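Peer 1: From Swiss-Prot, for reference:
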BINDING   Glu415, Glu422  Mg(2+) 1 binding site
BINDING   Glu422  Mg(2+) 2 binding site
Amino acid sequence: MSEQNAQGADEVVDLNNEMKARREKLAALREQGIPFPNDFRRDRTSDQLHAEFDAKEAEELEALNIEVSVAGRMMTRRIMGKASFVTLQDVGGRIQLYVARDDLPEGVYNEQFKKWDLGDILGAKGKLFKTKTGELSIHCTELRLLTKALRPLPDKFHGLQDQEARYRQRYLDLISNDESRNTFKTRSKILAGIRQFMVARGFMEVETPMMQVIPGGASARPFITHHNALDLDMYLRIAPELYLKRLVVGGFERVFEINRNFRNEGISVRHNPEFTMMELYMAYADYKDLIELTESLFRTLAQDVLGTTQVPYGDEVFDFGKPFEKLTMHEAIKKYRPETDMADLDNFDSAKAIAESIGIHVEKSWGLGRIVTEIFDEVAEAHLIQPTFITEYPAEVSPLARRNDVNPEITDRFEFFIGGREIGNGFSELNDAEDQAQRFLDQVNAKAAGDDEAMFYDEDYVTALEHGLPPTAGLGIGIDRMVMLFTNSHTIRDVILFPAMRPVK
């Protein structure tokens, strides 16, 4: 047996012995009557205590004579004869307990407290005071075991063994990793901030179907499921777009939805098959209005959630305080591939030659617009570090966007990039029912030619457009990628509580 395998075997034995001892303690608790009591109530969390009392001097705390009740997980314990110090962790952080034998009911200290284990969940009551080192603490007069932990804390056995364990057992990651807890607290604040921002601007939050007969609103491969009662194959939605625009037809002029989308595609540091999007639609507006809204949203969130418009990310600092850069797709290609002749981007053969010269395999079904978009993706996208809007997307890759009035080969569309990745996509909506029907037919032909991500023909949506969609602009923002930026996270798995994982065999 190798040294590594021997060490692993020893750890398994240690863990089994530890769990055996803990189960024996639980059995003793069961014999006493109520092993998992639910009658303890706390009146403060640790962060509330620190916010209110950290600044007070020891003498002032003593004079105030404040009694508090707290509850949480025992993370550390230092037993020093007749007294001990405990670190208790709750949702707000950590607070220190001072536990003295003579201040508790008879027998609690030696017969109960000393037999409890790290990871157990406790309830404590006592007076606030400060130690000689100035640490806010609770001098306990009551201490109760609320939940017996049968497994030890991860750091007792060298922490979580690998990165994947953090995702598979997120509960352990949250117990032991302050950074992870803060990431998901920030995510919650971002979502609350988005809702506040949208409602303040007259938008109504709505919910649209997660299972759809026709998957639409994006170019992606869907998940397929079966509805037994209807005996009908259905699709998990890839986007809510077409349903939201039906609502605008119906008279709800400003709507938004924050919810899950599902795309049966690859998993990477930027992609999870199940992800969260915010989509909004705004009648009597165009894509330029949404550029302004997007810039304001990100600037507001940075200031409100992080307290600054200078957001660090790896070696970069994203500046949400200054005006965001705006480039057309052709301008971006020229900027990051200076030798490009702009005229070549308007000619199929010339653009194809450029694409092939930089290693892009051009499919037979691609038109000029798709080729130029692929060139942009290859030469420019990774360089768009600071907040940047890219405009004038080809109509070929924008089947739901309104054509530009001056040049019908492009659309009134933008994508929003930060850190070299797309964060948002918005455009003036196509509200010409006949044009939309033709573009759906083009997508059907592309699917027949082998494009799995091409859209289906949605006859009911065309019918809705025939009733009249007001001039409208729509925007989609990837919430997970937004959270990555605001929390300095470099993989999408770090900002999704339970990311998609292959089952452990």
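From the backbone N, Cα and C atoms, a Cβ is placed for every residue, glycine too.
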Peer 1: If you draw a 10 Å sphere on the Cβ of Glu415 (Mg(2+) 1 binding site), how many other Cβ atoms land inside?
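Peer 2: Summing over all protein chains shown, Glu415 (Mg(2+) 1 binding site) has 20 other Cβ atoms within 10 Å.
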Peer 1: Sort out the sequence-distant neighbours of Glu422 (Mg(2+) 1 binding site) for me: same chain, 6+ apart, CB within less than 8 Å of its CB, listed by position.
Peer 2: Glu381, Glu415, Phe416, Gly478, Arg481
Peer 1: May I ask you to report the DSSP-based helix, strand or coil state of Glu422 (Mg(2+) 1 binding site)?
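Peer 2: The three-state answer is strand.
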